[in-house]
Amino acid sequence: MQSIPHSDEADVAGMTHASEGHHGLGTSMLVPKNPQGEEDSKLGRNCSGFEDAQDPQTAVPSSPLLSMASCSSQEGSSPCHLLTVRIIGMKNVRQADILSQTDCFVTLWLPTASQKKLKTRTISNCLHPEWDESFTFQIQTQVKNVLELSVCDEDTLTQNDHLLTVLYDLSKLCLRNKTHVKFPLNPEGMEELEVEFLLEENFSSSETLITNGVLVSRQVSCLEVHAESRRPRKRKKNKDLLVMVTDSFENTQRVPPCQEPCYPNSACFHYPKYSQPQLYAEAPKSHCNFRLCCCGTHRNDPVCQPLNCLSDGQVTTLPVGENYELHMKSSPCSDTLDVRLGFSLCQEEVEFVQKRKMVVAKTLSQMLQLEEGLHEDEVPIIAIMATGGGTRSMVSLYGHLLGLQKLNFLDASTYITGLSGATWTMATLYSDPEWSSKNLETVVFEARRHVVKDKMPALFPDQLYKWREDLQKHSQEGYKTTFTDFWGKLIEYSLGDKKNECKLSDQRAALCRGQNPLPIYLTINVKDDVSNQDFREWFEFSPYEVGMQKYGAFIPSELFGSEFFMGRLMKRIPEPEMCYMLGLWSSIFSLNLLDAWNLSHTSEEFFYRWTRERLHDIEDDPILPEIPRCDDNPLETTVVIPTTWLSNTFREILTRRPFVSEFHNFLYGMQLHTDYLQNRQFSMWKDTVLDTFPNQLTQFAKHLNLLDTAFFVNSSYAPLLRPERKVDLIIHLNYCAGSQTKPLKQTCEYCTEQKIPFPSFSILEDDNSLKECYVMENPQEPDAPIVAYFPLISDTFQKYKAPGVERSPDELELGQLNIYGPKSPYATKELTYTEAAFDKLVKLSEYNILNNRDKLIQALRLAMEKKRMRSQCPS
């Protein structure tokens, strides 16, 4: 199976209000009979905390059908269940208005059942409102269902006030057991919300699930809809019917009617089969006789058709108004996903590594003068890790690679990762399938020509007009264009003489024989209105596939940008050209104000705390006696108190990202497995507050918001730390401004926090006295890679023009570089260098590699010995 991006916020199971009619387009219904069936097996959940469980003799113990621990995806059948939520009442409701009591109502949102929010009626001016209203949801207990109960104050003249939200994990419920809960919202004021839950079997629905233990893809149906006009048209212009299917990928479409029996125009809707979806259809406005009607047109009432009772393959006809009929047929979608669910490497990368090992083994035998060749399991996986820094990182990486090539370490490397400006070098190199076997001095000379050229012609009207046409085409293909795309066009102009139509997937030609290291480009996925502290996710790109290791979800790189739903490809969009990827990978304009403050100050907690919602776990409040649980892994029940109006306004200003790159989310529609937090792979990358709030994670988002990784930590280590890649030696090439050791120290701290095997930070020197190379290891951790760290500094290069070759007095000036000073020609904002500045930086980078050959060989031998010991004593 493969993987890809798109998304919205719709999900899977439906819900209906037990005491009220349907809201929306209309209430006229045609309801076929419901087929009955038997449930294959039963699934129970636990009781918890401040809950009173009734009828304990009927409780069914937990027996999950799809308890996932493996790294690959699995398929199985699981029944759906009916959940009834009875909102009983509240006591001591907090006062929202100064002059009167709260006009209180409660909304219910369960996104794993439906995107529609349900609400109780409003009870005005009451301290102890009582509703006694019931709502019914159809849920899948193999996914993480968290019900959000929001208490609101209704205002007639202004926007309703959101007082608080209770997040309740439904995995605490026992099957066939009424659970009576009093949520202690404010123990000091004795404010509480009283709710009753009942989970029952649904004997008519059992669906096929595909999961990797973190994400779950549910069964999807396709509804084909034709519209027929029952009388001849008098006009040439067709009037379309407006058709909406709730919780579907398409949501709303216009369907042109035609004459029977030919149906040239049809619409397709894709929806989760067991979400209790509704179809709403509205006929075109009809003209009235002015003698009988005060207006010239008459709006037809919409009609509604529930879809959960349609039989697959059977055509159902629905009258719409007086003159139209809808003919609809439901059919199951394929269970084969286009998103690859799994944490292992894709087959293409596995095959590449096997081919590359042959190249590496031959190179190492010559480098180390080995008497015997290396066995396959003895060949170390060496990776080159480059950081960001604009043109400075691009130019320095050329110099470093030139040095590594001369030492044969380039041919010994299996991976090369980069972010920001380093990706400019990588993308240029991989346009040539044989680049690493050629003398890189030719490529460096060509790069020099472009770095020193004048960039002002890029802003001339004729050039801007061409870019405008390109961006319009990009938008017409289905992409949301931003200033980041313009930035990508400017990078393209700065790196070459003509338009580059290459794609990321085209770089596979440079890997087909294992002739070059595998390039991996890194960004982070963020939220438009949330600080990086609260939410960020690693997102990697390779010529084979793109995806997120935290979820174990990947798609072929040529499908990046296409639209997906529940793991299935809905609409293929042309793969973006490389210039747009370069703009994305170095999207320096996507930073919000709060993240900028965090990067430049150590006292960021002031703004962070002042603008953040208050979270209060009420799991341990001794309001009610504890009840034994059947499930060991429920989320804590949490009360979320919104920020004040002023804080919220301030936060919107601070967290807004006006130029963030948006791409269709290939996880859209999928849901999280009920035990996703216990999954070892997810836990490895679970590093933000929102990871324990499943309704806020990426699978519910329409778009991915991708950002330059340097805004979190200026390194591209994450792809190399995946245990599946088994990297033994990482050559860290640092190009960041400011503290040279900060990215490495941040990575060490991150790995310690996440329990990822990595060396401890052991550099004692300050930035003014750093050495050219450090070798770091962690002898206590067998799986920790060896790290050879190269800060971008000018040390012995000031006196030596080559290792062991001193400079003459006339050459001393060539060894002086102002890399990080206030008037440095290498500042991150600089796109253009002088020829002298370019040459100095390339020679410095090359020299630092060549001058530390012995340390690189030392690091290599350590990595090989560690790998040999690990293979002899597998853990």
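Placed from the backbone N, Cα and C atoms, the Cβ positions cover glycine too.
Keep in mind it's a predicted model, so treat the numbers as computed, not measured.
The feature region 'Disordered' is assigned by Swiss-Prot to 16-70.
Per Swiss-Prot, the feature compositional bias 'Low complexity' maps to 61-70.
If you look up Swiss-Prot, you'll see Asp97, Asp153, Asp155, Asp161 marked as Ca(2+) 2 binding site. All protein chains considered, the CB of Asp161 (Ca(2+) 2 binding site) has 16 other CB atoms within 10 Å.
If you take the C-beta of Asp155 (Ca(2+) 2 binding site) and look for same-chain residues 6 or more apart in sequence within under 8 angstroms, you find Asp103, Asp161. Annotation source Swiss-Prot lists Ca(2+) 1 binding site at Asp97, Asp103, Asp153, Asp155.
Swiss-Prot lists Asp708 with the feature active site, proton acceptor, giving similarity to another entry as the kind of evidence. Secondary structure from DSSP puts Asp708 (active site, proton acceptor) in a beta strand.
Reduced to three states, the DSSP call for Ser808 (phosphoserine) is coil. The phosphoserine annotation in Swiss-Prot covers Ser808 and is backed by a large-scale study or a structure entry.
For the region 'Required for localization at membrane structures' (865-875), same-chain residues at least 6 beyond its ends with a Cβ under 8 Å from one of its own Cβ atoms are 377-378, 380, 728, 777, 782-783, 786. Taken from Swiss-Prot, the feature region 'Required for localization at membrane structures' applies to 865-875.
A gap of 43 Å separates the Cα atoms of Asp708 (active site, proton acceptor) and Ser808 (phosphoserine). Each residue in the region 'Required for localization at membrane structures' (865-875) gets a DSSP state, and the totals come to 8 helix, 0 strand, 3 coil. Across the fold, the C-alpha of Ser808 (phosphoserine) and the C-alpha of Asp153 (Ca(2+) 2 binding site) stand 80 Å from each other. One residue stands out among the recorded positions Asp103, Asp153, Asp708 for having the most other Cβ atoms within 10 Å of its Cβ: Asp708.
Within 10 Å of the C-beta atom of Ser808 (phosphoserine) sit 8 other C-beta atoms, taking all shown protein chains into account.
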